[in-house]
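Engineer: Pasting the feature list from TrEMBL:
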type	residues	note
COMPBIAS	1-32	compositional bias 'Basic and acidic residues'
REGION	1-45	region 'Disordered'
TRANSMEM	54-71	transmembrane segment
TRANSMEM	91-114	transmembrane segment
TRANSMEM	135-154	transmembrane segment
TRANSMEM	160-184	transmembrane segment
TRANSMEM	196-215	transmembrane segment
TRANSMEM	227-244	transmembrane segment
TRANSMEM	256-280	transmembrane segment
TRANSMEM	292-310	transmembrane segment
TRANSMEM	317-336	transmembrane segment
TRANSMEM	348-365	transmembrane segment
Amino acid sequence: MEKEHKNGSTDKKYETIDLGSPHKMEESERDPIAPADEDGPPTSDSFEMTSRKLFFGFLIVIGIAVSWVGATQLSQSTYSPNFFAPYFNVWFSTTWMILCYPVFIVGVWIIRPWPSMTTKDIYRDSELIFGRSGLTVRSFSFYIIPFTVCWFITNYMYVWALGLIAAADVTALFSSNTAFIYLFSWLWLKERLILLPAKGTSVLLSIVGIVLISYAEGFEGPSLRGILLSIGSAIGAAVYKVLFKRYVGNANYGQVSLFLTLLGLFNALVLWPFLLAVYYTDFEYWDWSDMPWDYLCGSAAMSVVFNFLINFGIAVTYPLFIALGTVVGIPLNAVVDVVFRDSDFGPYKIGGSACIILGFLIMLIPDKWQERAACWYVRRVPTENNSNPVVYGNETARSEENKI
């Protein structure tokens, strides 16, 4: 940052990062594989690349929506008089995440995007997600264990809610996590809390959508528990994403695949004793002779596809398409509920879902566009080393004069 003095001179301040710290890493050391985009005039190659990204983006939107709807509907189909086991469902599904990094490596062997790199080189790049020292007991304990706990609790609330209310309602309420991400980013990432008209409207629409869906379901009994669990899963997802951004930062798809594989491995090896606890305390129940393995395996496979498409999609298309894939999943779930489950999707639920979807889409609008639309000009942004508030419009010109 530059601080202006009255004589016009400037003193530059540079942020220093302690590379020895386990939770602050340079972006350059974390993502050496991903090539940087070069600025330049548009060419036929850039037009072809844009067209390719749009094409892949369209396919990935469909893939993400279908895999998310499939995982959600199959998870809900596991519930029966002989099976009520959201913990077992989440544990079984998360264990399948072990496949993420092996599938990535096999894909690299087939496609060979980096011919000069060996498998060992690719692994060394992947483990940079844990810092310069790579994967160690300390970095595993610092990253994998807490993120696995957050992941598991979030998915547990999501799957449990599917046993209480309709899948479309759960996915709609879950999509309100964008509003929580916006608030948590201000609290933990020190990002700007600029309640521009669009941002404020997005948060308000999410709240209105939650209230409408809750009103339609009713504020008592299993419906209330399902609503609270769905909102809890949205908050948990926001916490996971914001903390991942803070402590891990930007990671390429190889690094994220390794992260998910280790997450699934820790889940499989450490969290299984809790299965015995919930089973023998009758908190959950299932009959080993009548297990819905087809639904469990289908849901787990769809979850792996969903996570793979999100990680792979970031590399081949625009992030907007990744977000749109989850938005499209809301009406798709509603159609499946109405057609195959005879669920009621009345006007309050339609209105609530529409509000959440609209709020989700508004949150995707870049800040620069919102600032231009609001005719505001941001000149100074608070950082960790600068506690001065953000000032807009004419107040910016007077900020230096009003200092004491």
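Backbone N, Cα and C atoms are what each Cβ position is placed from, and that goes for glycine too.
Keep in mind it's a predicted model, so treat the numbers as computed, not measured.
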Engineer: Can you tell me which parts of the same chain pack against the transmembrane segment (135-154), counting only residues 6+ beyond its ends and a CB-CB cutoff under 8 A?
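Structural biologist: The answer is 22-23, 90-91, 94, 127, 129, 233, 236-237, 239-240, 243-244, 247-248, 259, 262-263, 266-267, 271.
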Engineer: Using Cβ atoms and a strict cutoff of less than 8 Å, what residues sit near the transmembrane segment (196-215) while being 6 or more residues removed from its termini?
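Structural biologist: Residues 169, 172-173, 176, 178-179, 182-183, 224, 227, 231, 348-349, 351-356, 358-360, 362-363, 365, 367, 370-371, 373-374, 376 contact the transmembrane segment (196-215) from elsewhere in the chain.
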Engineer: Please report, as numbers and ranges, the same-chain residues at least 6 past the borders of the transmembrane segment (292-310) whose CB is under 8 Å from any CB of it.
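Structural biologist: Distant Cβ neighbours of the transmembrane segment (292-310) are 60, 63-64, 67-68, 70-71, 74-75, 77-78, 80, 83, 89, 92-93, 95-97, 99-100, 103, 257, 260, 322, 325.
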